[in-house]
């Protein structure tokens, strides 16, 4: 790539040099011819010699004419830019060249030669940079669409029979930033102008205690600016963020949920109140648990004798089931006692014990 650029550059400069030499030779020949005519006319009369010499001086001074103009041009990204050459009389044009120097790229050349009606390009690979129309009609340059990478210098040089004319453009590509406005949990407002070129400026309405920071530049030349604003104890409900930029101004508004930041004593109250409530609940549960355990212990102590009596009942039942003769003997004795009582009452009853 560097070799190609050097070769193209040398070719273009060689063309220009040839035209300059040809122009100078032409001017020299005209001067010599005029001088000879002047010498012949000098013999015929002094007045004619003075007139011819003055005409030659005017011609030579016109050939050495040199004009240069510099212009700074700002163009919005993704639009069309047309760069024009210096206004000159077209019949006198010999060569038109464009030199393009972009950021981090080698120079690019484009040329048009009028006598042969030919165009050449050297090291120009960007197809978005072209002639605006036919170079034999209008040698203006066109960039469509404009990208961030088109930042740089564009120079049009026209070589004419009357002299050289330069017009240099310093092209700056503008990128509008993306503007956002939000409210944080701390009661502050944050306005951000992201990925703008060049850096944007941020202002607030109403004014407050604001802190504006500019981030680092990205590889494409864009930068982000962020402003954080707070209003302290002032009762502010609505705020506006205004972003000023060469690509256009923008303003956003937001309604704050709280006009001022929460005081310190209220913050402490909001923190300690939940903790205090949790302690009360935990303490109440602990007290209820202790009182419940005490009641359980008292109930167990009161029911202890009953439990012992109940524990004896299975043994008694076991004795009864395993000693049926003991039960019959008791029934016989009971029957005899009842019989004696009946006899005492003069009642005769026949009792038959059950076997």
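From the backbone N, Cα and C atoms, a Cβ is placed for every residue, glycine too.
Swiss-Prot tags one of the stretches 226-246, 247-267, 268-288, 289-309 as transmembrane segment, and that stretch is 268-288. Region 'Disordered' is the annotation Swiss-Prot gives to one range among 35-56, 57-78, and that range is 35-56. Nearest Cα neighbour of residue 210 (disulfide bond) among the listed disulfide-bonded residues (85, 108, 124, 191): 191. Counting Cβ atoms from all protein chains shown, residue 229 (disulfide bond) has 21 others lying within 10 Å of its own Cβ. The Cβ neighbour count for residue 153 (N-linked glycosylation site), using a 10 Å radius over every protein chain in view, is 15.
If you draw a 10 Å sphere around the CB of residue 124 (disulfide bond), it holds 16 other CB atoms from the protein chains shown.
Mean model confidence of the topological domain 'Cytoplasmic' (289-355) amounts to 54 (pLDDT, 0 to 100 scale). Nearest to residue 156 (disulfide bond) in space, judged by Cα atoms and limited to the disulfide-bonded residues 108, 124, 191, is 108. In sequence order, 99, 100, 101, 102, 121, 122, 123, 124, 125, 126, 129 constitute the residues six or more apart from residue 108 (disulfide bond) in its chain with CB-CB distances below 8 Å.
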